[in-house]
Number of protein chains: 2
Amino acid sequence: MTLFTGLSAFPLTPIDDEGQLKSELLQRFLERIVAAGADSIGLLGSTGGYAYLTPEERKRTLRAAVDCVAGRTPLVVGVGALTTDVAEDLARDARKAGADGLLLAPMSYQPLTDDEVFRHFEAVAAAGELPLCIYNNPGTTKFTFSPDLIARLAEISNVAAVKMPLPADSDYAGEMRSLRAVTPDGFAVGYSGDWGAKDALLAGGACWYSVVAGLLPEPALALTRASQAGNAAEAERIDHAFAPLWALFREFGSFRVMFTIAEILGLGRITPPRPILPLEPASRERVEVALRPLLQDAV
Amino acid sequence: MTLFTGLSAFPLTPIDDEGQLKSELLQRFLERIVAAGADSIGLLGSTGGYAYLTPEERKRTLRAAVDCVAGRTPLVVGVGALTTDVAEDLARDARKAGADGLLLAPMSYQPLTDDEVFRHFEAVAAAGELPLCIYNNPGTTKFTFSPDLIARLAEISNVAAVKMPLPADSDYAGEMRSLRAVTPDGFAVGYSGDWGAKDALLAGGACWYSVVAGLLPEPALALTRASQAGNAAEAERIDHAFAPLWALFREFGSFRVMFTIAEILGLGRITPPRPILPLEPASRERVEVALRPLLQDAV
């Protein structure tokens with residue numbers, strides 16, 4: 001198993017009202033992920049709110065995570081930033097701090113050209129020297145990677161994987177065939193978008209970059225293992241238990257729902273960074289109902 | 001004339017290779033704008049690269065600008081940020097430093113809801129206490145304001161104006177009628193997108209939020225005054241001189257082209273913040289050609 005395979009669990013980054021990292025709560029999230037046996041941790045991904053934190057807060061968060069999980073579960077860390085200078089600095093710091101790999105999303109303000117994204121990735125990959133996953137997340141970055149650009153990037157020696165959004169036509173197998181045809185052997189094509197994870201993994205996707213596994217690693221791992229084993233019936237059964245939650249993820253955005261899940265699970269009261277608002281009480285009740293099938297032994 | 005009317009000129013923020021503000025060069029840009037007689041300066045807008053600078057760099061830039069233009073030309077400053085906390089801090093600082101008004105764009109990573117944008121604007125307007133212009137720039141923020149949301153925001157006492165993108169159907173008059181119907185008297189509806197400025201002003205737009213006026217304030221002011229006076233023939237003549245440059249703005253993005261214009265005018269060699277790349281030499285030659293009609297006395 002290489003770094004970018006299996007279940008990668010994306011924890012929230014808990015920040016208190018004064019803007020300080022709640023490191024004990026972060027470590028509590030991480031312990032649950034390690035205990036469940038997830039294949040990696042996707043620290044400071046979109047779910048980890050990396051875009052809303054200063055570089056200093058991000059470095060502190062990484063150190064708290066390394067202190068907790070080093071040697072137990074591989075740690076992949078998001079180093080995306082609006083400027084190449086900041087992303088390079090974060091990538092160098094990640095290596096120094098002991099991360100195992102990097103996630104890089106092309107955050108943008110002015111829309112970027114393919115050449116700009118290529119040069120950005122080349123620079124950050126060189127600065128970080130760690131295995132790097134292309135974080136293809138048009139819903140947040142507003143940049144869409146063409147297969148050609150992924151192929152160009154995959155030639156950079158430490159660019160090892162891509163995290164794809166769910167394909168509009170749900171043709172995972174076709175998309176993976178196309179990408180594998182233009183990328184080196186061993187380049188790992190994985191997926192995010194939790195409601196498509198079952199189909200992505202059953203179709204041979206290398207990795208599920210999972211939001212929900214940041215807080216519910218056990219049922220997420222059960223879904224991952226059933227899908228990886230090709231046990232479609234069992235995967236369908238578990239995915240069915242997740243379905244009400246997937247519906248809420250799509251309605252409210254998974255980022256907002258995750259803060260509510262943390263509270264319902266009794267892990268801690270944390271709020272999203274403004275301008276993102278927490279769910280209203282009525283929606284919170286719907287999350288409670290959606291969680292029930294997942295908190296029973298059945299999954 | 002209120003703050004958000006006439007020609008608002010948006011200068012670049014010149015940063016050296018070590019990431020430091022070149023304050024003398026910024027002041028040179030500002031002196032040109034003041035000398036031309038522009039109605040306001042739009043500091044740290046999209047053209048000023050606010051999204052790529054730290055809050056500290058932005059505060060330093062504002063102080064250098066106030067030192068230069070205070071009491072001569074009204075200074076409006078962009079305080080957009082990915083978090084409400086940072087935008088509030090910048091808004092408070094802007095007032096303290098002596099800015100005359102605020103521009104606020106809803107920068108986003110996770111796509112924002114209307115309620116989130118409303119609460120964000122409400123908080124930042126309260127923190128800054130200065131007249132505030134809603135910076136409606138879907139091309140960079142990926143957020144589109146509905147007329148309803150603009151109407152809700154216009155009820156906040158110091159929300160005084162909106163900067164609209166060019167309407168897809170070019171029906172400026174229709175759009176302004178709709179917006180005026182739902183906003184208080186005196187609420188100023190202006191436009192950005194330099195190639196539509198003539199039509200927007202001829203149709204009664206309150207303000208041209210102008211990229212090109214950051215470096216070529218004289219012909220931009222001539223276009224503004226002719227359009228404001230309803231002199232369509234003269235406005236057409238000047239707009240025609242700008243046309244080759246508008247074509248390059250659309251092809252490359254005005255942000256990239258502006259750095260090349262600064263160099264061609266002999267004002268200084270500055271480069272955009274990576275990942276944004278400067279224009280290639282062949283494109284630079286095209287900018288030189290496009291500038292010729294604008295650097296003659298005829299305009």
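Even glycines carry a Cβ here, placed using N, Cα and C.
Note: TrEMBL annotation is automatic and uncurated.
DSSP assigns A:Y135 (active site, proton donor/acceptor) to a strand. Long-range neighbours of A:Y135 (active site, proton donor/acceptor) (same chain, six or more residues apart, CB within less than 8 Å of its CB): A:G45, A:G78, A:G80, A:L103, A:L104, A:A105, A:P106, A:T141, A:K163. If you look up TrEMBL, you'll see A:Y135 marked as active site, proton donor/acceptor.
Residue environment of A:K163 (active site, schiff-base intermediate with substrate) contains 27 other Cβ atoms, counted within 10 Å of its Cβ in all protein chains. Look at TrEMBL and you will find A:K163 tagged as active site, schiff-base intermediate with substrate.
Taking all protein chains in view, 26 other C-beta atoms sit within 10 angstroms of the C-beta of A:T47 (pyruvate binding site). According to DSSP, A:T47 (pyruvate binding site) sits in a coil region rather than a helix or strand. The pyruvate binding site feature in TrEMBL is assigned to A:T47.
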